[in-house]
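What follows is one structure encoded as structure tokens, with my remarks underneath.
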Amino acid sequence: MSKKISGGSVVEMQGDEMTRIIWELIKEKLIFPYVELDLHSYDLGIENRDATNDQVTKDAAEAIKKYNVGVKCATITPDEKRVEEFKLKQMWKSPNGTIRNILGGTVFREAIICKNIPRLVSGWVKPIIIGRHAYGDQYRATDFVVPGPGKVEITYTPSDGTQKVTYLVHNFEEGGGVAMGMYNQDKSIEDFAHSSFQMALSKGWPLYLSTKNTILKKYDGRFKDIFQEIYDKQYKSQFEARKIWYEHRLIDDMVAQAMKSEGGFIWACKNYDGDVQSDSVAQGYGSLGMMTSVLVCPDGKTVEAEAAHGTVTRHYRMYQKGQETSTNPIASIFAWTRGLAHRAKLDNNKELAFFANALEEVSVETIEAGFMTKDLAACIKGLPNVQRSDYLNTFEFMDKLGENLKIKLAQAKL
């Protein structure tokens, strides 16, 4: 390449442990040699979050709001052991949760598929992107044990002082049981719908919303009605122009359809369904090391991309002792490519779009040519059968990717 590609503004968030080391290698070997970025860096490593009382996480989220593109390295969410290990002031919340609460939006998870990595569901030849509505329902419910006979009722008290409305949930006549009250808000469901429609348009894939509205006629019916209304008013013509579609499906029918399908669609799930199905689908594709996670905000302009896995602590402990590691960087690389691709789309930057796509192609082609990390070799051969000659270590694999990217870009005369 004769000159670097002008990449525009990107918010970059550094992370923890082995993924932090990989993150620096990605920048050094795959991004910075080719792209000139107006980079806004925030250190979300656990020590710096503690030193700033987690203000750095909030600052990073505000920066993403301002510049519309964020790329994030995996971070530690501390438990008691981590509080002790790092002598933290307190058990800081998940940075992902903090960022999501500030930005809003929906998290979409997508598998990165290589032909030579076996899938548990062999028919899935294209990704299934799961969008989880990460608000309300069971996760913000009030539940309790009913100690004995009696009535459980739910009451709505209007703010304007008009008549209260009370609903009988159940009349416990023979002993106690359990009860729960849960909720969601129209605004949150609307945001979820917009993010889902935006994602479908950006991928050019159909969108399905799954609920159980035959049983929860009012509750799940509200999700169905809001999605349909927004689709008809704002997205239907765009979908038809792209020859894609939106459909509501019952959750049980949708699960069966997904198993039989070849993939290649967006699946919008309510909170609990998304929690369960995203892990189920991830496992079906074979490896969490090959799973991207993108937060899409309802404005369709603001996106934050990251790997769907953790900080790979076990490998970091080996690295600290000077032992060889073979850590898969692919999901972290795709956090960068998805962020850069979105920047390219916002700025109509064709060179940057080509670069992001080329780096994704190189990542997949390198693995399909037989150069991979140990976790992927284990997917193919089974861990007990893996020899050292079957895989590259962390640094060898990054070098191989760098070498192949250089060749691809030279061939493209970019």
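A Cβ is built for glycine as well, from the same backbone N, Cα and C atoms used for every other residue.
Here Swiss-Prot flags SER2 as N-acetylserine. Annotation source Swiss-Prot lists NADP(+) binding site at THR75, ILE76, THR77, ARG82, LYS260, GLY310, THR311, VAL312, THR313, ARG314, HIS315, ASN328. If you look up Swiss-Prot, you'll see THR77, SER94, PRO95, ASN96, GLY97, THR98, ILE99, ARG100, ARG109, ARG132, LYS212 marked as substrate binding site, on the strength of similarity to another entry. Annotated N6-succinyllysine per Swiss-Prot: LYS126, LYS400, in sequence order, evidence recorded as similarity to another entry. Taken from Swiss-Prot, the feature site 'Critical for catalysis' covers TYR139, LYS212, and the record attributes it to similarity to another entry. The Mn(2+) binding site annotation in Swiss-Prot covers ASP252, ASP275, ASP279 and rests on similarity to another entry. According to Swiss-Prot, the feature phosphoserine maps to SER389, an assignment based on similarity to another entry.
Looking at GLY97 (substrate binding site) and THR77 (NADP(+) binding site), their Cα atoms lie 10 Å from each other. Residue pairs drawn from THR77, SER94, PRO95, ASN96, GLY97, THR98, ILE99, ARG100, ARG109, ARG132, LYS212, the listed substrate binders, are separated by up to 33 Å at the Cα level. Within 10 Å of THR77 (NADP(+) binding site), as judged by C-alpha distances, the recorded positions found are PRO95; the full candidate list was PRO95, LYS212, LYS400. Here the candidates are the recorded positions ILE99, ARG109, THR311, HIS315, LYS400. The one whose C-alpha lies nearest to that of ASP252 (Mn(2+) binding site) is ARG109. Spatially close to HIS315 (NADP(+) binding site) yet at least six residues away along the chain are MET18, THR325, SER326, THR327, THR394, judged by Cβ distances under 8 angstroms. Taking CA atoms as the reference points, ASP275 (Mn(2+) binding site) and SER389 (phosphoserine) are 38 Å apart.
Counted within 10 Å of its Cβ, the other Cβ atoms near ASP275 (Mn(2+) binding site) come to 17, all protein chains included. Here the recorded positions are LYS260, LYS400, and the one whose Cβ sees the fewest other Cβ atoms within 10 Å is LYS260.
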